[in-house]
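As recorded in TrEMBL:
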- 47-67: transmembrane segment (TRANSMEM)
- 73-103: transmembrane segment (TRANSMEM)
- 124-145: transmembrane segment (TRANSMEM)
- 165-187: transmembrane segment (TRANSMEM)
- 199-218: transmembrane segment (TRANSMEM)
- 230-249: transmembrane segment (TRANSMEM)
- 269-294: transmembrane segment (TRANSMEM)
- 320-346: transmembrane segment (TRANSMEM)
- 366-385: transmembrane segment (TRANSMEM)
- 397-416: transmembrane segment (TRANSMEM)
- 428-447: transmembrane segment (TRANSMEM)
- 453-473: transmembrane segment (TRANSMEM)
Amino acid sequence: PHKQWPLHCVAMDESGIRKRKESQNGSTDLTKDNKEVVKAIALQKDVGLLSGICLIVGTMIGSGIFISPKSVLLYSGAVGPCLLIWTACGVLSTLGALCYAELGTMITKSGGEYPYLMEAFGSIVAYLYSWTTIMVLKPSSFAIITLSFAEYASTPFYPGCSPPLIVTKCLAAAAILVITSINCLSVKLASYVQNFFTAAKLLIILVIVVAGIVMLAQGKTENFSNSFDGTTTSFGAIGLAFYNGLWAYDGWNQLNFITEELKNPFRNLPLAIVIGIPLVTVCYVLVNVAYFTVMTTTELLLSPAVAVTFGDRVLYPASWIVPLFVVFSTFGSANGSCFTAGRLVYASGREGHMVKILSYINVKRYTPAPALIFNGVLAIFYTIPADINTLINYFSFAQWFFYGLTALALIVMRFTRKNLDRPVKIPVVLAGIMVLVSCYLVLAPIIDKPELEYLYCTIFIFSGLILYYPFVYRKVNWGRKIMRPITMHLQLLMDVAPPEKTE
């Protein structure tokens, strides 16, 4: 009987599963089978505290700290304010993540900001968030991380010149395929990969920091004298310095995307946040101090990849370990990004904001395969255009707009959802600070240097409503008629089924 199940019904009923199980096991013992049905088709709770911390740390520390500490320095103008801004960004991320800890323990659904915006502001705001994030923010950041991975991985083979674009782009696309496959195969495998690469990047940071301390002990402190000379005072420049610093910290909300897969989320979500983010902050500040022991501000700004320059000067005979570990670091970060992005697509498909097939789960491996594949395909498209970093600058204002909205959601739900149980409760003031900071971060660069691109972004965000009205709000019939056969074929192809309610 198991050859033809999806043709009877697009959604599998329990008896269908039972029949398939019997035909596989040759058993007719229904009670045992019912237990298997209970484990049936839902995301399993596979992620413990250590994996949670590794997910946060591993996604936050991408390539930013190794490549772009210079942009923070460029906009802040001197060593002193540069280190202050790195610290402040860490504090900000911790504040933001504490808000998320309250929200995540209050509403234990996967999908990051999405379920919180849904509860607080209703369907349309949540839809616009998922539309922007799924279509642009997640896949493009995945693409950027893999591109920088490809750049670092291919550089050794082209000594003396930068690798040709076609090579880096093909390598990036290959990396996307590999990472997506790992995530489709199993949740445990993906988190093992994550833990391994997180350990690797903490190791290289330790090496850099220890080398820096040795340099300080040898008396290389001249770059820290008069460290506040030449500080910028412009309102917009400081905003841009913060943007670039916070881009390096981006990923502090990653654990909220997989709340449903955490073991004991009420304890592990806040704990992982409180351990992970301060850890990253300390790493970042110390690494910057280490850089300044061997480079003047001018040298740091001129260096194409700061960590590599540092390695060449300090670790000379073994200087190859720096680019190698940067490759590891970017790969791990891309893996974390893919892991969480799939969960958002999945949550969105489940609520009916994306096509239903995206919320289906693989019958044997319990991974949201269609969602992961969709994210991977989009990311491959984003590796094609020439300069993707411009795209980031314009969309990071959208990112912060949504962070601000989420902090606002926390404040709103203090009044509208008083009855919800809050295992972690933070002072409302912190959420207020978060809202104000995100307002500043959204508005400062636009006021400082208004560009049409910001307008295009805003138009793109709201263009999601064109699809929302017919397909989500009205649920037009012809849309369903087109999707039904496609869904059935894809179900057979990928061996997936709709998730079952496990509550």
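Glycine is no exception: its Cβ is also placed from the backbone N, Cα and C atoms.
Listed stretches 47-67, 230-249, 428-447 were compared with the transmembrane segment (320-346); the greatest number of C-beta pairs under 8 angstroms is found for 47-67.
When Cβ-Cβ distances under 8 Å to the transmembrane segment (428-447) are tallied for each of 73-103, 124-145, 165-187, 366-385, the top count falls to 73-103. The transmembrane segment (453-473) is in contact with the transmembrane segment (124-145), judged by 3+ CB-CB distances under 8 Å for residue pairs 6 or more apart in sequence. Counting C-beta pairs under 8 angstroms (sequence separation of 6 or more), the transmembrane segment (165-187) fails to reach the transmembrane segment (269-294), with fewer than 3 such pairs. Here the transmembrane segment (199-218) has Cβ contacts under 8 Å with residues 54, 57-58, 61, 65, 283, 286-287, 289-291, 293-294, 307, 310, 314-315, 321-322, 325-326, 328-329, 332 of the same chain, all six or more residues outside its ends. For the transmembrane segment (397-416), the partner stretch with the highest count of Cβ pairs under 8 angstroms, out of 47-67, 73-103, 230-249, 269-294, is 73-103.
The transmembrane segment (47-67) shares the most Cβ pairs under 8 Å with 269-294, out of the stretches 73-103, 230-249, 269-294.
Long-range Cβ contacts of the transmembrane segment (73-103) within its own chain (Cβ-Cβ under 8 Å, at least 6 residues beyond either end) map to 60, 116, 223-224, 227-232, 237-238, 240-242, 244-246, 248-249, 252-253, 255-256, 269-270, 273-274, 277-278, 280-282, 284-285, 288-289, 292, 297, 300-301, 403, 406-407, 409-410, 422, 424-426, 430-431, 433-434, 437.
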